[in-house]
Amino acid sequence: MGEVKWTKEQQQAIDVHGCNLLVSAAAGSGKTAVLVERIIKMITDIKNPVDIDRLLVVTFTNAAASEMKERIGKAIGKELTKHPKSKQLQRQLTLLNRASITTIHSFCLETIRNNFHYIDLDPNFRIGDETETVLLKGEIIEGIFEDLYEPENCTQEFLNLVEFYSSNKDDVALQNIVLNLYDFVMSSKNPKKQLQDMAEQFNVDESYNFGESKWAKVLMDDVELELSGLKDMMEEALKLINDTNGLDAYLEGFTDELLMINDLILNAKTSWDSLYNGLSEVKFGRLKTCRNCEDKKTQEKVKDIRNKVKKQLQDEIKKKITSYSTKEIVTDLRNLYPIMKSLCDLVIEFMDRYSKAKKERGIIDFNDFEHFCLEILGHEEVALKLRQKYIEILVDEYQDSNYVQEAIINSIARRHEETGNPINVFMVGDVKQSIYRFRQAKPELFLKKYNSYLEGENAKERKVNLFKNFRSRKEVLDGVNFIFKQIMSENIGELEYGDDEALYLGADFEQYEDKSLVGGPIELNLIEKSKDETKEEESEEEEILSNIQVEARFVAKKINELVNPKIGEPFKVYDNELKAYRNVEYRDIVVLLRSTSNWAPVFTDEMKENLIPAYADVGNGYFETVEIKTILSLLEIIDNPRQDIPLIAVLRSPIASFTPEELIDIRLENKDGDFYGGLLKVASSEDRDDNWILFKRKCNSFLEKLNYWREKSIHMPIDEFIWYLYMETGYYGYVGALAGGMQRQANLKILFQRARQYEKTSYKGLFNFINFINRLKVSSGDMGSAKILGENDNVVRIMSIHKSKGLEFPVIILSALGKNFNMQDLNKRILYHDELGFGPDYIDLDKRIIYETVPKSALKKKIKLESLSEEMRILYVALTRAKEKLILTGAVNDIEKSAKKWSYALEGEDYKLSQYQVMTGKNYLDWICPVIMRHKDGEVLRELAGIEIFEKVNLLSDESSWKITTDNISGILQNDDETNEIILEDIKEIEDIEESSSYYDEINERLNFKYKYIESSKLPTLLTVTELKRMKNSSMYEDYSRDMYTPKLVKKPMFMEKDKKLKGAEKGTAMHAVMQKINYSEELTIEDINRQMETMVEKEFITKEQADSVEAEKILNFFKSNIGKRLLKAENVRRETPFHMELKSTEIYESLPKEIYENENIMIQGIIDCYFEEEDGIVLLDYKSDYFKEGQEEAIIKKYKVQIDYYARAIEELTGKVVKEKYLYLFYGDKEVEIK
């Protein structure tokens, strides 16, 4: 493999030193490779080699840091093969493991650990788990509100705040505002100061000049942008008037109105008062009549333009600016000040209490990482030490940095002696791919440097543009450039997309003999959704297809066309490993969606309907899965059974298996009370008939289980209890047998893991765990289903655009382009912005009316522009994931009406679309389709808009290539029929096969097929250790084909027993129950043991019969024995520990052929009576109450050896420690027996 040929710009990014360097790396430009090469060059420099641990490399994720280390390691290894004796390279390989290649959070954490004493932090601090911090925040915010409601603390400002921003029924909405505002300000360098400054913006007096405020500037800029759009429309109208005979009467009026708009634009650039006065005088005269115009179509178009301009200017812009005088604005601000101050005080109070609570618990959270680090770096000696250590700081994905992270980097950067500016920071990223504003990323940090840094060699602050794309085909790059050169600007996108920002071809794809099967134009497929007006005749299938399904089904057909040679020509992709073209596979195709919520499940279902293997990587839906809702309902009723909804959910589930009719009977027993009361009444009711007796027993059985589980939940850790419920109820195995069983079981495992994390916190108990889960749903959103897919699985992946960032795929299908942007946040009662502060609604409590304040209007405009800019960058990320083929799909309600709306693009003469029109776009199609309207390949769209072929339109000359198609429900269903016809034709081809045909034997063999692995279907999926012991001690256990694993009723039901005294096994169970619960912390006597058993009976842990069957003397003898004394001395004792582990079926059934059954696993479960730890290992102890004669100890050992060995193995897997000794304690003979 030859040496890498770096481009001129890449080489500059690798070689330039001695100044701050910003590398603007376009999508697919090889920025990671450049970053690695820059580091390698530095550590292998002959004159001034730099040790790898003298560099600070900051990455965005832990995965990126690991990949970076791996790449650097490989690069060093490669250099070592050239220079095997190089001590410098060997040293770098050694230093690599401790090199500072890390995320900013990891760097902050290391700085805190090394300098904790500067901020009075306990050196034994730990990182608070999300489980703990969610609960802690909830606890604190509730405590604050409770305190503030106390008469001595309650203020009118607080009550007004509650009135303003709480819902009608509770103050949860206000609590969430406080929590969200806390998260928001924590991305600033000084959160408390920012909050105070935000409140103080409302602290104004009568002399306040609103026109000088940031709010006024935003509104003026917005009005200027809107007016510019209206100006373009009026200029287009005047052009039509001048070019059309008979419209002269319109000329004077339109000209005057255009001049009026020009004056207003000048006013918007001048001052608030100038704009206010100008808009106050806006009037539109009556339009003169034109009787001689023969071109009625143009005349109507001109009138329509004027009506739109008039409506927008008078009803929207004028109303927005002139509704409030400056005096009224000042009054609103002054009235809002105490409310805003109260809100800020509330957030600061939360901040203080939360910090105090974390300190008391010895924990820190992720927000603390950056703020504590910044506080430590405020001590010059620490900053100086790090400044001297790091010769260069390299920041990856710089476009996603925030203000705190920027301050941290600047604190440790070396500085120019004269200017004081940083000189050793290398920043690489692409602001066009900054899509994490919701995580408080600040792309303006990148943009400020991008606009101020120079490209010259002598620049003290220098930038390099990497514009060559080494990922995608020319067709993809040309299409991306064609779109973004027209829509991305400083206003929307926050960057002017010009030649410097465009993508240029860097990849070299080999030629293929049939060019129609590779690459090709970008496809845009427009699908017409169901119109409001229903057709007179509509097929049943058309009626049941939802709009999302229509698009999903179309995408499925498109995938089949690409992959299935029977349906369409097989598309070819280039395989880098094979160094050749091959047929596209499902794993090469990714369907991207802006949001997977609601959409991904529909797409997955449609794929499955079309026999396409698909997997959706969704970020939500976890808490809505049946299995999780059922288990959470079970936990809720174990905590408190008097909750109707979760109780009914459990009763209807396979855990209890009650029928709807039985639930009705329960309700009828307690019509006015709760459902649990109904259950109790049925259980204690008089016998009526045979059916009622069985029903009553069913209720009693469930109540007994529920009471037992409630008792169990008190004494078991939550994670162990949840796993116990899975096994005890059989629900884990049940869901595994359903469709998608692996996914369902994986979801249950996630809940178990969450419980395990919860157990590590300072919170305990089932109630707190349920509270945590409920808070998690609200605060952190849904967790997303468990991941069960491997990277190499041959499936179509459906994922969000955010998840695809940094990845690349041969074929991208970007769907749901007709889905409107989500602007719901703009409707919240209060908005906030790091530059503009608060934007609240005002609520007149006397008149009970709510209205939008001027500050809120300003914030809505600002946040909308920033949101649209983010959406534009998200679109850029999506389009640039494609290597070879890009397919776009989107649905619209009325395709002709939409096309007419998009045709505005044909009216402008500038290359860029009207920024006003781009701003009014509601979805991605509103940006993409106007662009393609202006392309020679956009003829389909122009025809839909009613533009005749002979009409003169302004088309742009461009190398991009597009294929536009339109479809609707009927067309998609017809395609279904055509696909089915193809399959039917294949069947007909083999219909008349004679016996002598070469197919006969194959068909005969298939029809008489016998499953080769029939025995595997008879293997159990789960065994208890007791069953395993019984089988292995049986001479028949190797006969795995017997149906001995089918559950059998081997015990007579209790209600049929005449003599209800406890049998031997039941006595053993009673002894185990007592040994599990007995408190041996004090010196025991027979009286103590009897007293404890009485308490166990009172608490219903054991029955009176069970207590009577246990001899207290036997228990006392145990504790006097050698093994009992050792147990009493042990510090860590575990009793009744449930476990599960997987074993290979060939280990259990040794006669099974390994080559066939090697991958067949069986789940083993059991409960270990007792084990305890000593210094040199673990001692396992199992209690037995078997009757035996003197001298039969060896028989007992033989009987239980298998069981004890599995217990020991389970303990070693659970603890990672060695089981040094294994004992049976035989209560019958008061003997301990060691099992070797």
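Cβ coordinates come from backbone N, Cα and C, glycine included.
Annotation source Swiss-Prot lists ATP binding site at A25, A26, A27, G28, S29, G30, K31, T32, citing sequence analysis. The feature domain 'UvrD-like helicase ATP-binding' is assigned by Swiss-Prot to 4-473. According to Swiss-Prot, the feature domain 'UvrD-like helicase C-terminal' maps to 512-806, an assignment based on sequence analysis.
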So if I draw a 10 Å sphere around the Cβ of T32 (ATP binding site), how many other Cβ atoms end up inside it? 17
Taking the Cβ of K31 (ATP binding site) as the centre, count every other Cβ atom within 10 Å, in any protein chain shown. 21
Under a criterion of Cβ-Cβ distance under 8 Å and sequence separation of at least 6, what residues of the same chain contact S29 (ATP binding site)? Q10, D430, L466, F467, K468, N469, F470, G506
Sorted by position, what residues of the same chain at least six away from A25 (ATP binding site) have a C-beta under 8 A from it? K31, V34, V428, G429, D430, L466
If you count, for each of the binding-site residues A26, A27, the other Cβ atoms lying within 10 Å of its Cβ, which residue has the minimum? A27
Within 8 Å of the centroid of the Cβ atoms of A25, A26, A27, G28, S29, G30, K31, T32, which other residues of that chain place their own Cβ, given that this set defines the recorded ATP site? V34, D430, L466, N469, F470
Summarise the model's confidence over the domain 'UvrD-like helicase C-terminal' (512-806) as a mean pLDDT value. 85
Within 10 Å of the Cβ of G28 (ATP binding site), how many other Cβ atoms can be counted across all chains shown? 23
Cβ-Cβ neighbours of G30 (ATP binding site) (radius 10 Å): 22
